[in-house]
Amino acid sequence: MQKCEEPQQPLPNFRSATSIPVEYVKGIESRCDGKIEHGEKDEDEGDEWESDPDNPRNWSAAKKWTTVAVVSLYALISTLSSSMMAPGLPDVAHKYSIQSETVLALTLSIFMLSFAVGPLFLAPLSEMYGRTWVYHIANMFSIAFSLGCAFSPSTGSLIAFRFMSGFSGAVPMAIGGGSVSDLFSEKDRAPAMACYVIGPLLGPAISPIASGYITQAFGIKWVFIAIAGACGFASLVGLPFLRETYAPVIRMKKAKKLRKPYSENVFGKPMSKGHFLWINLSRPIVLLSRSFICFVLSLYVAFLYGIYYLMFTTFAALFSETYGFGIGAVGLTYLGLGVGFSIGTLAGTAFASRMYRHLARTHDGKGTPEMRMPALFLGSLFCPIGLFWYGWSAAAKLHWIMPIVGSGIFALGMNCA
C-alpha cells in the first residue's frame, strides 16, 4: 500500500490546531484525549502507521471524497441557518413588533457572533474525543435550537436561540478544514478544500431563495422548522457515512482495542483536560498578538464578512421598496452571490493551484502556504469594485440586475480572498 505523503510542518512553538493534521515530527506536539504526543518519532510505530489502512491518508479515494462531501453538507446546513431568515426580516418585525432597525438586524447577525466564539470551545473537543462525535452532537443541538427559534414567544428568546444556533452551527466551520487536512497531503489538498468550502459559501446565498417563498406562503416560523429539517437530513446522511479522521484518536482507540502497553513515545505524558482547554482558548489570542500577518488577515476577513452580512440586511428593503419585489422574488436576488461564489471557487482554486506549482518549482519543488497568496491579492481587487457597483446602482435606482451583478462581483472577490 502506498504510504501517505509527508506534509508540511505546522507553525513552530504552537500546539496542533484543528485545521492542521497531526504529524509525527520531532519538535511538534499534539494532543489526544487528554494526552500529548511529544518527542522524537518512534520509527517502528511511525512506519507502521504510515502504511496502516486505518490511516485516513491511506483510505480509498471514494471513502475520502465521501467524507469531504458529508463535512461540506454539514457546513452548508450550518450556514443556511445564518442567512435563511434574511428575506423574512419584515415578517419578523411584524410578528414581534420590532420598531428598531438595529434590533431587527441583530436577530440576523447575532448568529455570527456566536459563530465566531463557538470554535474556541468546540474545536478542542474534537482533539480530545474525535471529530465525528462533535459533528453529530452539535448537529443535534442545532435541530433543537432551530425549533426554539421557530416557537420563540418574544424577541429576546428569538435572539437567544439564534445565538445558541450559531454556537452549535460553528462546528463544521471550526473543524471542517481539519477533517480535510486529515485526509489529504499538502499538495493534494486544494481540490478537496475547494469542495468543502463551496458548501459554507453557497449556503448563505442559496438559502434565501427557498426561505423567501416559505415565508411568503407559511410565515417565518416555518423557515426555522425547515432549517431543523435540513439538520435532520444531514444527520441521516452523516451517521452512516462519516468516519473519524483525526489520527491520534484513531491510534488511541486502536491501541486500546489491541490492548497494547502505554507508550510515551506515541501517546506522550498525561495532560489535564482543563489545561488542554486553556491552551486552546488562549491560542487565538497568542496568534493575534504575536503574528502581525495573522492579525491583519483576520481583521480583513472579519471586515469582509461584516460587509457581506450588512449587504444581506439591505436586500429585503432594497428590492421590495425600490423595485417592488415580493418576498419570494427577493429571495431570488441572492442568486448573484451564489454565482459569484461559484465562479470564485473554480477560478480562485485553479489560479491558486497553478501559482503554487509554479512557485514551488522555483524553490526546488518545496511548497509553502504563502505561495497561494497571489490569489488573495487578485481577489481583493474585486471586493471594492463589487461593493461600489452594488451601492452606486442601488442609490441611482438603476435596473434591478445591476445591484445583483455588483453583489456577484463582491462575492467572487471575497471567495478568492
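Yeah, the Cβs are placed from backbone N, Cα and C, and that goes for glycine too.
Under the heading compositional bias 'Basic and acidic residues', TrEMBL lists 31-41.
If you look up TrEMBL, you'll see 31-56 marked as region 'Disordered'.
The compositional bias 'Acidic residues' annotation in TrEMBL covers 42-53.
Look at TrEMBL and you will find 65-83 (among others) tagged as transmembrane segment. When Cβ-Cβ distances below 8 Å are used as the criterion, the transmembrane segment (65-83) is approached by residues 56, 59, 108, 111-112, 115, 135, 139, 142, 146, 165-166, 169-173, 176, 179-180, 183, 192, 195-208, 227, 230-231, 233-234, 237-238, 241-243, 245, 309, 312 of the same chain, each at least six residues removed from its ends.
TrEMBL lists 67-417 with the feature domain 'Major facilitator superfamily (MFS) profile'.
The transmembrane segment feature in TrEMBL is assigned to 103-122 (among others). Under 8 Å from some Cβ of the transmembrane segment (103-122) lie the Cβ atoms of residues 18, 81-83, 85-86, 89, 92-93, 134, 138, 155, 158-159, 162-171, 173-175, 277, 280-281, 284, 305, 309, 312-313, all in the same chain and six or more residues away from its ends.
Remote same-chain partners of the transmembrane segment (134-153), defined as residues 6 or more beyond its termini with a Cβ less than 8 Å from a stretch Cβ, comprise 71, 74, 77-78, 81, 122, 125-126, 161-162, 164-165, 168-169, 171-172, 175, 221-225, 227-228, 231-232, 234-235, 238-239, 242. Sequence annotations record features per position, and here TrEMBL assigns transmembrane segment to 134-153 (among others).
Proximity of distant same-chain residues to the transmembrane segment (159-181), defined by a Cβ-Cβ separation under 8 Å and at least 6 residues beyond the stretch ends, is recorded for 17-21, 67-68, 71-72, 74-75, 77-79, 81-82, 106-108, 110-119, 122-123, 126, 131, 134-135, 138-139, 141-142, 145-146, 148-149, 152, 189, 192-193, 196, 200, 245-246. Residues or ranges marked as transmembrane segment in TrEMBL: 159-181 (among others).
The transmembrane segment feature in TrEMBL is assigned to 193-214 (among others). Using a Cβ-Cβ cut-off under 8 Å and counting only residues 6 or more beyond its ends in the same chain, the transmembrane segment (193-214) has close neighbours at 65, 68-69, 71-88, 172-173, 176-177, 179-180, 222-223, 226, 308, 312, 315, 327-332, 334-335, 337-338, 341-342, 344-346, 349, 411, 415.
Annotation comment: TrEMBL describes 220-242 (among others) as transmembrane segment. Here the transmembrane segment (220-242) has long-range neighbours at 66-67, 70-71, 73-74, 77, 80-81, 84-85, 88, 91-92, 95, 132, 135-136, 139-140, 142-143, 146-147, 149-151, 210-211, 214, meaning same-chain residues at least 6 beyond its ends whose C-beta is under 8 angstroms from one of its own.
For 292-311 (among others), the entry in TrEMBL reads transmembrane segment. Long-range neighbours of the transmembrane segment (292-311) within the same chain, counting only residues 6 or more positions beyond its ends whose Cβ lies under 8 Å from a Cβ of the stretch, are 83, 108-109, 112, 204, 380, 383, 387, 390, 407, 410, 414, 417.
Residues annotated as transmembrane segment in TrEMBL: 323-352 (among others).
Proximity of distant same-chain residues to the transmembrane segment (373-392), defined by a Cβ-Cβ separation under 8 Å and at least 6 residues beyond the stretch ends, is recorded for 300, 304, 307, 311, 340, 344, 348, 351-352, 355, 402-403, 405-417. The transmembrane segment annotation in TrEMBL covers 373-392 (among others).
As annotated by TrEMBL, transmembrane segment applies to 398-416 (among others).
Listed by sequence, the residues of this chain that lie at least six past the ends of the transmembrane segment (323-352) yet keep a Cβ under 8 A from its Cβ atoms are 86-88, 90-91, 190-191, 194, 197-198, 201-202, 204-213, 215-216, 315-316, 372, 374-375, 378-379, 386, 400, 403-416.
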